[in-house]
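S.K.: Under the heading Mg(2+) binding site, TrEMBL lists GLU5, ASP25, ILE27, ASP28.
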Amino acid sequence: SFIGEESVAAGEGSILTDNPTWIIDPIDGTTNFVHRFPFVAVSIGFVVNKKIEFGIVYSCIEDKLYTARKGKGAFCNGQKLQVSGQEDITKSLLVTELGSNRDPETIKIILSNMERLLSIPIHG
């Protein structure tokens, strides 16, 4: 099976089944692309039985290829990635994305989450 982000965004329906499925977003960061903000990528995922098996993200402007495979770790241009190990959120950098859904209930949830995060003395 195949699910394309651009066709879903255009209103076409898609159903994730147990079948092996490719999920592709050819311009991940469409809004960035439209506004010439240089953070766009090509994102490809492969799912079997509704569980991700591997993913590939190519950051075009940075020329970085991110890969990850279930049980095998994540890499950037072949170098293994790992989390920082920082356990104190006040010493962490918070990066967030608000999404594109402007449904009033979704906005309410997003703003509530942001309010909780901003009450912590964080960097970001």
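Using N, Cα and C of the backbone, Cβ positions are placed for all residues, glycine too.
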S.K.: Measure from the Cβ of ASP25 (Mg(2+) binding site) and count the other Cβ atoms within 10 Å, all protein chains considered.
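M.R.: Total other Cβ atoms inside 10 Å, all chains included: 19.
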S.K.: Hey, what's the Cβ neighbour count for ILE27 (Mg(2+) binding site) at 10 Å?
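M.R.: Counting Cβ neighbours of ILE27 (Mg(2+) binding site) within 10 Å gives 16.
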S.K.: Ranked by the number of other Cβ atoms within 10 Å of their own Cβ, which of the binding-site residues GLU5, ASP28 ranks first?
M.R.: ASP28
